[in-house]
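S.K.: OK, TrEMBL features for this one:
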- 85-131: domain 'F-box' (DOMAIN)
- 361-400: repeat 'WD' (REPEAT)
- 401-440: repeat 'WD' (REPEAT)
- 441-480: repeat 'WD' (REPEAT)
- 481-520: repeat 'WD' (REPEAT)
- 521-560: repeat 'WD' (REPEAT)
- 561-600: repeat 'WD' (REPEAT)
- 602-632: repeat 'WD' (REPEAT)
């Protein structure tokens, strides 16, 4: 090698001459800014590659200083891609999915904003399906299976909507006293209305409105203005790239919606009862109110419509159209799990923020003590001595069963029977479809305040301070559990354990098989009105205005929830929340894990709340104000595959 060409001997003058030669060399007419093109068009002199890294860095820097600023900027744009490597696009698709499976929903939603390729990968159904079930959420598996399996040629073009028909009333608070025994039949109302009056009242009150908490304007879909909570941020993130309902602010005072509208439902609102019922149905519904004076008379009842007798979990509509949000590029039906996650997250947002529509069902002529519902019907029991069955979609009362001589205080039903307990101290087993009385159980000496049953047993409790266990098949009394010192107001049982709550301020755990008292739970300072038991915890509501959570296995009180201003009369819980109702005329929604109050439902009942039940989308409650209220949290939520 010539010593003059040795890198160490190259003078600055030589470097400048070579740089000038390089810059002034003619360019190819087909030149563009692509890095690969330049790499093939220009051969780097060997003397440059022989320099050390430090020397090449200094050489490049000095070279750049000779260029005008616009050229340096142009060079910067060509170099920038070299500093960023899209590893997700370079990896095999399966490996990219595996890496993203470790992200939460918020981060996964943000990843969709990086690039088109990232959006494609981060929207993969398996990722969102796993996140969906990781939250403990469920889908209507029957509906999903039918949607995926039905041939396209057999699908209907009809809309796939859920009907909603809310009513609004304004609640007022009443100061009402409480009694340790909670004997409900001591409440007297003088108002008795005829069937014609009730139909007129229903038509007059049947209007729609929505409730939004605290603010006068509200987003129906979650947005992120920088001031929201982490969960609101999550809602905003996972909505990235989704075309769905418009995010429009609605002024509450401007809402004016007709009483019956088709909405996101499996069916639209039904025709008037005169159009859709048989003549026998109409004769039954228009039966003279003089029969109210003969409560033991058993009225003839045509069977309930067949779809009312299908177990809720088994029900699916006959025709499923191809849904725009649930099809692939070729038009084949698929489940869009990201969309399902977004809808379920929106539903949770409504629960947390207290966004709901309400709908009221007038019909009973006195206080309503008990209620249960499924996707098709509501069944209620009242101080007017009747049990009524309502069409949950239309709000019409389609059956009234009479048999008790006094107030119907409690009931439960399954696919075949209704079991009800009354102030007349009896338990009646009814045929659900026809209203025929199958059997009457007698044994309690005072009012039957609560009951539960399964496939083998009926368990009841009474003001007579006892708990009775009956054989469902025969109606025989198997055993009587004694131990409480006051009226037993509530009963629950699961597997081999019975839990009872009493006005004596205690909760007792019993063996179903032996009748032995296994444990007594203390903690409330006044009588206990309601409980729920899931095998591991007991949650109770009391006249001391609190809700307590007990560990079944240790007897310890895990937490106390305070907020109601009067007796806590009814409650229910699931994996996520507790919903309670009180004599203070309100319902409250609590976070089960933290005990935090999520929402206070105050614009509904105008008197004591006696009973409630809830599912994924709604709460149904009944009250001394003679109303059943449906609190629907699924407004603007696509619940097609969620319930």
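Just so it is clear, glycine is given a Cβ too, placed from its N, Cα and C backbone atoms.
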S.K.: Below 8 Å between Cβ atoms, which of the listed ranges 361-400, 401-440, 481-520, 521-560 makes the most pairs with the repeat 'WD' (602-632)?
M.R.: 361-400
S.K.: How do the residues of the repeat 'WD' (441-480) split into helix, strand and coil according to DSSP?
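M.R.: Across the repeat 'WD' (441-480), DSSP assigns the residues as follows: 0 helix, 24 strand, 16 coil.
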S.K.: Across the domain 'F-box' (85-131), what is the average pLDDT of the model, as a whole number?
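M.R.: A mean pLDDT of 92 is what the model gives the domain 'F-box' (85-131).
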